[in-house]
């Protein structure tokens, strides 16, 4: 953090303070330097070798509509041809204000006093921007110029480029005459400072200006090449393209402004083309900057402004290319407004970026500084005669370089992250394979034990079983076998990956193996309207295969076909092709897209990525199948058409032993059909009671209610059986959506047991939905999960789960966790009731003493008022001691009656010192916990306004805002000191009023999930408010 602030401080000094300091230094020095006054300047004390060339800024003599030469001024001095009185015109500036027009011609005249010298000395003059042609004389000698000034447009040749000229001067005076004409621009005159000095100082100034422009030029070109090349490699990142084009436009701007280096590189470039390029470079620069900002931070730049920018760019381009230069140059003010608008959007974007608090947010702040400085420098240049354009260009260049640096850092970080992730993935992949293999191996023994025990009990090993018991045991057996297949897949995948599987290839009767597979598949498949057909040729030879692995291949292919077929036909058939038998499994399912045909045999791939949630699986089956087929010297491929179905083909080698071939008897063609055959046909009873939403029958009045949420019917049934023996009322749902519906129908649910992985709405999502209505203590949630990682458990707790139980669930542990959570909920409710009773019993003896004293004193003066006070005291005490309402909610008007009775007694005691104002929305009909408002009002009176000698005002405001009812108690009392506020918020209830506030806060948190909101300022008062959600008000009523 310290390093971050040091960097920002240094950046602020370099980006902001140094340019402003330079401007201040120049402004101060310009003020102290000699100035031109009425066409004269004294440079006798100026040291050109130390201070450089002098700027001839100030008030020059100007002769409008005249191109005067040295002979004209000699005639005027001799009196032969006197000249009219000159005008005073400031240099540098546009002559529009002085002349009232932008086009025309005239003559600038200046006399410079120099150090007397009897020897000729070389002096020079340097101009940068004189619109739009000029000719210069010094002491009667023509030293040059740009273009050719004329009294008419036809006689004039316009050219505005920097000019440097030298001449020898003898004596102490330099008489400077500058003829200027403008017929091609909206403004004219000497608009940049004229430099005068000896030959060495002028050369230094000229070279320095050229060097600055060259540095700026290459500063824009290099980032432009960098960003555009990078964009060619990563075309999805449009910001790179726009930043590169902005840099190119900036380079063109640097070429056409300042020393106008473009004219040096292309001497034949005309003046008209130069003017148009100046306009276009600025227009494109700001447009590409706008597009870059819009792409960099989406949402920071409004879409309509981007479209407007494009329209303005097209308009400016058309004007710049087709209109006369005198016309488009008149639009400088609107173009400046467009430029400032883009710069302000740049500032807005940089603020957006810096607020993200990313690793490069400090670069965004530096970029923000540079863009702000561009605006500041342009503004200073508009009001002060200091050339700030170069500094503004440098700030823009700095902005580009910062973006270049940020881009380079991001790409470097991305490469490092990819490299680290690749190495980590390789390690994790090997660890994953090892973990899966070890875990699966350890699961096999207990899993087989479970299956064997269940099957033996089903066969009567432990005595006769009832139909319901037989159904449960069949569930155990079917689920165990399904899990056993998954464990075997994982183990096989690990072995295949490590080349640890060897096939026991023997002659196999393919039809017999296939018939067994079809029978078992019919036993385990889900109930779908599907016909399974076997079709074999008349004479099918034996194949050379591992019978166990062949059975596994057929299981995988048939299971895959069944998974992706909702209705229709699955066909298993074979044909002899040369020395191989081709086995095919065809279905009428969803089909596979052509681009996915080669991917489905990869590990962890599924046939349709969009259906992964609808048809969940490991994605290992087809990968294992392909490896097993290839290991047996066969081939496997798939043909498919989306919406029509898929056909998987694989080949097996035919046994080449003549003896076995002769023993094979021809078999006639047979068709075996299995339709609707599934596990329930082989067990007693059915699973009709394992519906998506179910509830156990029986009398459960007064028993805790448990909601079970699991998408697996077997798991739901197991949980129902385990919990029903503990005298619980158990209801079940097969999804999170159904669980929400059940919760709304049964608001008295005491516990929710939910699975983690469910389609459409996961367990954590269900937790978050339920937590919108009930707190942790009011509705405990037990989550069942196979995920045991700390990150997963943390995520579940953040979602609102109270406890976790890992799968497979142990019956004893499940019952213990359920009992603990329900007892915890009951204990919390009992605690809240006890605190409520304690609060109701908090009738302070001194309050009764004060109230009775007031009533006694009032009896002698106003018996009727004393009677009213006794009635109010009676109402207050009856409402405070009403313990019948401690376990339920009370209507709002009952709570307000208690408040009014209490306030009436306090106002009788404190009289004018106490003012209570009620602002209660009249149409509110709601219930709320008892003794929630009155203690807040009492706290505001006793510990707020009555601590002041003058008393104060208490306001009770109750109103509806959106889906909430807000109760607010506000006073203008002494407020709560910070240390006391810390005690109240932390729950340490030392001192008066603490128990009441904490009790109210806990009850509100328990009921609504949010408690009291306390705001207080010492000496200004306190405001306490709480929210009552309307969606829970109706429930509690």
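Each residue's number is its place along the chain shown, starting with 1.
Backbone N, Cα and C atoms are what each Cβ position is placed from, and that goes for glycine too.
What TrEMBL says about this protein:
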TRANSMEM  214-233  transmembrane segment
TRANSMEM  240-257  transmembrane segment
TRANSMEM  277-297  transmembrane segment
TRANSMEM  304-323  transmembrane segment
TRANSMEM  335-353  transmembrane segment
TRANSMEM  365-386  transmembrane segment
DOMAIN    438-656  domain 'Histidine kinase'
DOMAIN    705-822  domain 'Response regulatory'
MOD_RES   755  4-aspartylphosphate
DOMAIN    933-1032  domain 'Histidine kinase'
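With DSSP classes pooled into helix, strand and coil, the tally for the domain 'Response regulatory' (705-822) is 53 helix, 24 strand, 41 coil. The domain 'Histidine kinase' (933-1032): residue composition by secondary structure is 39 helix, 32 strand, 29 coil, according to DSSP. Non-local neighbours of the transmembrane segment (240-257) in the same chain are 213, 216-217, 220-221, 223-228, 230-231, 234, 265, 274, 277-278, 280-282, 284-285, 288-289, 291-292, 295, 389, 393, 396-397, 400, 403, 407; each lies 6+ residues outside the stretch with a CB under 8 Å from one of its CB atoms. For the transmembrane segment (304-323), the most Cβ-contacting stretch among 214-233, 277-297, 335-353 is 277-297 (pairs under 8 Å). For the transmembrane segment (214-233), the residues of the chain that approach it from at least six positions outside its boundaries are 240-241, 243-245, 247-248, 250-251, 254-255, 258, 261, 390, 393-394, 397, 400-401, 403-404, 407, 411, judged by C-beta separation under 8 angstroms.
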